[in-house]
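As recorded in TrEMBL:
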TRANSMEM  28-49  transmembrane segment
TRANSMEM  56-75  transmembrane segment
TRANSMEM  87-104  transmembrane segment
TRANSMEM  116-135  transmembrane segment
TRANSMEM  155-174  transmembrane segment
TRANSMEM  186-209  transmembrane segment
TRANSMEM  229-253  transmembrane segment
TRANSMEM  286-307  transmembrane segment
TRANSMEM  313-331  transmembrane segment
TRANSMEM  343-363  transmembrane segment
């Protein structure tokens, strides 16, 4: 049920993004929409949160998943060593960093071929599950021992929504899309429907063979599924799933470096990230930056903890981007809208975004609390950076006025804090 609900939730968000993308035809997706609606300050914060938390953390998660699926066949009766999992994830990121720095064509070839491996693995699992259903294996399709606690349900959406994450990536390159008014909604509808169908059917296939306890207790569900049914050919599934996750790491690295580069071109990130390698024409500084940040996140090897970290920042930010839709309806009603969605969809999506960001704080206070602290510190850092950039652009007299104003605000804040104590 969570997988179906997560798919529908993602479709609602994608539907809202379709109107925003057709209305604001600028690359950058939610960054561009927040810039247009709320101004450069919130867009600046959104850009840095995406670059410093969401993208590198997502890459670390997928790299760890790759490591688990590679090592699990060698440790069938126990968990792979934590150090080995992290070191293999480091090797995965470093290899793909070299490929993305050396040649763009190599990176796109890796993306294409390893995507085929992902589809092959999923359809093989689905076909096996359909055969199991034909044989009548439906004993695990029950709601026995189902948790009904609202906080647990909200936390479970982090894992489900993370799997669907990426539906907004097409909006990042809308300027390069041919006839976006026609093709963007069509691409969103086809891709979201197909992905929802494939993911739900894959989970149905798992339940034809594995019990809920076995699925929750497995580090690599597809490996457990293959070991139960495929016999000596069980190595096929982990191999193709590992190839799939390897391609996913490459995809995050490829698109994230583009976001770093775009932000730097707007003057909202360090200028060095705008530099291109002369001979290879690759954004090498941006690629190296996202790789370094991803390696830092590998200090945490708990995949689900990392998902909780990135989930809070991701859905809070996307919720703010969807909020742009009703705000622009009110503030700019005459803006050209080739596609106009019913306001029910953004309002429903915003309410659900609040649910999946606030409620998990009760169920998982450590991870979401740490994520909130990281988010707060990053916001403070980006706020100071933004103010400094704006300050440098002023003349001397305006600079002195701004500095005096900032000092007065700091004094008032200190007085308020003393009074509170």
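These residue numbers are counts, starting from 1, taken along the chain as shown.
Yeah, the Cβs are placed from backbone N, Cα and C, and that goes for glycine too.
Annotations in TrEMBL come from automatic prediction, not curation.
Of the Cβ pairs linking the transmembrane segment (313-331) with the transmembrane segment (28-49) and spaced 6 or more residues apart, 3 or more are under 8 Å, so the two regions touch. The recorded stretches the transmembrane segment (87-104) and the transmembrane segment (229-253) share 3+ CB pairs below 8 A when only pairs 6 or more apart in sequence are counted, and are therefore in contact. Long-range neighbours of the transmembrane segment (229-253) within the same chain, counting only residues 6 or more positions beyond its ends whose Cβ lies under 8 Å from a Cβ of the stretch, are 55, 58-59, 62-63, 65-66, 69-70, 72-73, 92-93, 96-97, 99-100, 107, 110-111, 113-115, 117-118, 120-121, 124-125, 128, 132, 209, 220, 222-223, 287, 290-291, 294.
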